[in-house]
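One structure is given below, encoded as C-alpha cells.
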C-alpha cells in the first residue's frame, strides 16, 4: 500500500500546478516506466508539476459565423423560391436566363452560355444599361408604367426587393406617407420624462419635423431643436440625446458621472456593443430611452430618404435613390472640374489612386464615406470656392452611394409597397403573377420567428423547433409544419439560465417585480442613519423599510437620499440626519411596478399579493418574447382579468435581461427554525439587518445547508464530469482549468496505486484581476485629480511639481506617494501640516485599517503622513482625537471626490468605537477563508467524486478532505521566508504554489483541527461549537496569529520579541506539526528541485489565430486573385471556384500535423526518394483526411506509405543534445515551413531568483529595500548573464543572438541599475520578460537588452526536428511517457 499523501492544486485560466506531498511535507519521487522504442525504459520523476494550456474561449466567434451562414442561405432560398414561381413562364421566353444569372460573376471561359447575363446579346444589354443605369431606375419604371414589360426585367426588380428586403422592426401596415416623426418624438419625450423625472413638452411638433428635414448640418439641427426647450442646457443629458437623434456622436460620461468616455453613435457598427457596455455601468432601466431615441433617428433617416418631389410615383424609395444617383453624377462632374483646375497631380491622386482615401478608393469600396469626407475636407479647405462641396460634406449629403449604412433604416413595408405596384401593373399581362401574388409577397414578408429558431432537424446543438409533420419548410407551409406554441415553450426553457445557488431552478427576469422588490430591500437593509442626539448610526427597522417602499419606491422611479431624510424628519421628527449605505440615490428601483401601474392603472391589483403569479407570468412573457403576435397569444389567457386596451398596451411592452437568482431562492426556501424566506428576513430581521450574502452564509440559519444540498451532483451526472463542469457558472477559461485539474487528480490517484489522498488542497486564480476598466482607471488618475482639485478650489497640481519632473502626467501619478500627496491637497492626513513634495520618500504611507487585519493595498486604504505614530494606536483606525481635529478637512476631500465614502468612513470609524473585535476577526477571517462560489463548486465536484459513500443518516462519509485556501496565506508564507516567486524565469512557480498550498493547509489543520469548518468543504458538526465558544477578541488574536506557527520568533508592535518553540505540536494530541528547521529546509529543497514535470497540453486546433484573436478556417476577408507565377496559396471561395481566377481566402488555419514515412517522386526525372517528413493538415482538410487518410496523402504526392503519426499542436520533441522543441504548426500548403517553439525550462539557483525578484520591483518607491539589495548584489548579474548565455548555447541554439548579447553586455558596468534590471527581467509592471524572452518556453520574441535590439530567433525548421529527434507523448501530468526515436521508425 502507498503511504498517506495529499494533493495540492493551483488552478488558473491557462495552467494547473499540482504537487503530491507526504505527511512530512516531502514530495515523493517515483521510477516511472517509459514506453516506446528508445533505450530509456525508466525515469525517476518528482511528483510535482504543471500543466499549461491555451485558455478556453467563448463561442461568440463561432456564433457570429453561424448566423451569417444562415442569413446568406435564407437569402439564396428566397431567390430560388421566386425562380420556381417564374420558371415555367420564363422557359417559354428564355430558357437559359436563370443559368446566365447564376454564371454572371464567372470569368468568360467558365460561363455556360453568353457572357451577357440579362438578354444574352450585346445590343439589348447595352440598351438596358443606358435606359436603367441602376436597379432603382428599373423598379421605378415598372412601378409607375402601365406598359407590358419584358418578364426578365420584372424578375430582376422583384429579385432585388426580395434579396435586400429591409428591416422588420416596424409591425403592421406602414408606407412612406405615414412615417410619423412627430409621434416618434412624442414617444421619446414620454419615455425620457418618465426615466429622468422631467416634464419636457413641445407644443409645436410640426416645427421639429421641419428642422430635421431641413438641408442644414447635423450640429445646427441639434442646436435649433434644443432652442425649442428653453430650460435645457447645451451640456445636459437631453442635449446628448439630441446629438444621437440627429446622427452625431454623443458622449454620456459626464451625464452619468463615469470615469471613462461613453461614446455612442447610431450609425456605428459597434453601436449595440457600445450601448451594452454603457448599460452595464448605468443599469438596464435606461435601455428604453435609447430604444425610443433610435426609433426616432430611424424615422428621421427614412424621411430623408423618401423626400421626393414626384407625389404621383408609387416607388418613393426608388425615386429617392434615382435622385441620389443624379445628384452624385452632377456633383462628381463639378468636383472633377474644380480639382482639375487645382493641378493634374491632385486630380490623379483623388480620382485614380485607389490607395488613398480619395474618390477612386471610395467608389471602389476600399475607403468608407467617413474617411472619404475627412480626406476631401482637408484637401478642399486649402482652396477658395469650395463652399458648395464643404457644406454638402457637413450635411453628409455629398457623392452618396446607392448602398450605404443608413439603408438599414428602410423597413420591409417600403419594398413591399413597390412590389405590389409592380405586380398589380404586370399581372394584367402575365396571369401567373396575379395567381401567385400572395406567394411572391410572402417570400418578402416571411420571417422565421426568433423563438422558433433554426429549422435544422436531427442532432443540432442549436435548434429547438418542434414540428407537426416532417416535410420541407417553405414560407407558405410554415404555419402547418411548425408547432409555434411548443417551439416557444422550448425556446423559454433554452433561454432561461439556472440559479447560481440552486442549480435546478430557473432565474427570474431582471424586471420581475419579485426580483426588483428583493433588490430594493437588499439595498435598504444596509442603510443606516444618525441624527441629532443620537450617539451612533442605526439601521432602518422593518416598519421604516416597508414605509419607504410604500411611500417612495411605489411612488417614484428613482428614490434618493433626500427622500429618506424627508421621511425620517416628517414621520419621526429627526433633525440633522446623515445617511450611510446610499450615495445620492438607490441603485435599485421598482421600475416595473411603475410601468404596469401606467398600463393597468389599478394600484390595488398590483399591491395584492394574491396576484403575484399573474404579474410574474406577464413579465416573464414580455421578457422572453419580442414578437407581438406571440405576446398577444400568450396574454390572451388574461382576457377575463384585463380589458382589451390593457392587453394591447401590455403587448407593446418589452423587457430585456435576466437576474441571477430564482424565485425559490428569494421567496421559496425557508429557514427551518423561523419558517422565514430570505425576502422575509430582508424585510424584517430584527436588529441583525443581514443582507442576502450574509443570510445565505450564516450558520445559524438553514439556508446555507439547503443551498449546499441543492448543489449535490446527481448520480446520473457523475459519469459525465465534462458536462457537469460545462454547466458551472463562470467563463470558458476557468472551466477549462477546472476540467484539467480533475483529470490531473485522477491520474495522480492512479500513480499512487489507486489509494485516495488524505486531502486535496485547492487554490484558484482570480480571473481578470487587471481588467481593462482597472487599467483605464489607473491611466485616468490625472483627469480625476484635475476635476476634483478644481472642485476643491486648489491650484496645487499646477503650482507644486517635484523638482525632478517637468510636468505631472499619468505615468508620474503611478507613484502612490505623489498621487496621495495631490489627493490630500499636499497635507499630512493626520496633522494637517504641509508636506514637502521633494521629500515624499521620507514620509510614511499608513494603512487606515492596519495590515495586521486587512491586506488592502488600495489607495482607499492608504494615507501619506509625516509619521504613522500620529494615528494613535497601531492596531486600530486613527484615534478619536485625530478624527475630531481632521474630520472637517476629510469631509472637504470627500465632497470634492478626492477620497471615497469608504475611505472617509474608515478614517472616522473611531467616532463609532473604532475597530471592534468582531470587525478585526471578520477582516482577518475573510482573508483566510475562500468564499468565491466558483471555488466552492470545484470543492463540491471533488468532494462528491471521492466522498460518495453515505452513512445510515444519509450523510457523506468524508475520507478525503477537500480544502479551499486563499492565496494570501501562501503569499504570506513566501514573504516570511523569502521563498520568492519570479514568473518570468520559468513555469515552475505554478507547481511551487500548489506544493506550498498543500504544506500550509496541512500544517494549519494539524495544529488547529478546529479550523476544519473554515477550510474543509462539507458539514463538520463536531466542531461547530468552536465559533460560539470563542469570544470576538479571542478570534482576533487567533486569526491574526494563525501563520505564526511557522516562525521562530514574533516581533510585537511595542518592540518585544516572543520566541516560539522550534517544534510546533498539536496541543490536544501532542503530535509534531512543524519543525522550523527541518521542515522549512524540506520546503526550500523542494522549491530547488530542477526536475519539475512541465507539460504543454497538446490539442487539435479548431480555429486559427488572427493577430492573437480566434478566427475560423482562414482569414475572414477574400483576397483578390494572385498575380501570375505567384506562390500564394488561397482557398477557393467555393469548392468549384478556382482561386487563381477568382481569388480566395488566405491564412489557412492548421488543425494538426502528420509525420509521414513513405516515398515521393523528386525532380524532372521523377526519381523515387524515401522520405520521413511532416505534412500539415488544415482545419478545412481535416474531414477529408479523416475519411481516408491514405488516399488523402496519396493525393498529396506520397507513395508506398509505411507509417503515419498524427501530431497535435505542441507535440514535444527532444534532440540528441537534450534540447526540446514543440511543434506548433506545419503549413498545409508548404511542409518546409512551420512554427517551432522552445521547449526547455531554465532553472536558476535561489540567489539568482532573489536578485531577479528585487530587480523586478526596483521602481517601488515605497520599499527602498529592493533597490538596496540589487545595488549590493550588482556583481551577480554578470554570473547570471553567462549562465543564461550557456543555456542558450546548449538548449535554445540562438547563437547569433548570443554573440549580439555578449557584445552588448561588455559595457554593462556603464549602465544604470534601472537599465540592468529592465534588461534582465523586463520593466516594472510590464509583461515583457527582458533577457528571459530568449530562454522562456514558447515562441521566440524580439526584445531589447542594454539598448541593443535582439531580433526574434527564426532558425528552427521542421527538418531540424527530424535529425536524431525523439518524439515524446506525455500524459496530463507528464509522469507517463511514450518515447519514439524517429530514426528507428519502420524497424518493426
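Backbone N, Cα and C atoms are what each Cβ position is placed from, and that goes for glycine too.
For 10, the entry in Swiss-Prot reads active site, for RuvC-like nuclease domain, with the evidence type sequence analysis. According to Swiss-Prot, the Mg(2+) 1 binding site annotation covers 10, 763, 767, on the basis of sequence analysis. Under the heading Mg(2+) 2 binding site, Swiss-Prot lists 10, 767, 990, citing sequence analysis as support. Residues or ranges marked as domain 'HNH Cas9-type' by Swiss-Prot on the basis of sequence analysis: 771-928. Positions annotated as active site, proton acceptor for HNH nuclease domain by Swiss-Prot: 847. If you look up Swiss-Prot, you'll see 1100-1130 marked as region 'Disordered'. Positions annotated as compositional bias 'Basic and acidic residues' by Swiss-Prot: 1100-1109. Among the features that Swiss-Prot reports, region 'PAM-interacting domain (PI)' is placed at 1102-1388. For 1116-1129, the entry in Swiss-Prot reads compositional bias 'Polar residues'.
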Chain residues outside the compositional bias 'Polar residues' (1116-1129) and at least six past its termini with a C-beta under 8 angstroms from it: 1106, 1139-1146, 1148, 1229-1230
Per-region confidence, the domain 'HNH Cas9-type' (771-928) (mean pLDDT, whole number): 79
Secondary structure content, the compositional bias 'Polar residues' (1116-1129) (per DSSP, counts of residues): 0 helix, 2 strand, 12 coil
Length of the line joining the Cα atoms of residue 847 (active site, proton acceptor for HNH nuclease domain) and the residue listed as 'active site, for RuvC-like nuclease domain', in Å: 30
Under 8 Å by Cβ from residue 990 (Mg(2+) 2 binding site), counting only residues of that chain that are 6 or more apart: 10, 12, 15, 16, 17, 50, 52
Conformational class of residue 990 (Mg(2+) 2 binding site) under the three-state DSSP mapping: helix
Cβ-Cβ neighbours of the residue listed as 'active site, for RuvC-like nuclease domain' (radius 10 Å): 30
Residues near residue 763 (Mg(2+) 1 binding site) in space but at least six apart in sequence (CB under 8 A): 8, 9, 10, 11, 964, 965, 966, 967, 970, 993, 994, 997
DSSP-derived class (H/G/I helix, E/B strand, else coil) of residue 10 (active site, for RuvC-like nuclease domain): strand
Three-class DSSP secondary structure - residue 763 (Mg(2+) 1 binding site): strand
Cβ neighbours of residue 847 (active site, proton acceptor for HNH nuclease domain) where a neighbour is any other Cβ within 10 Å: 21
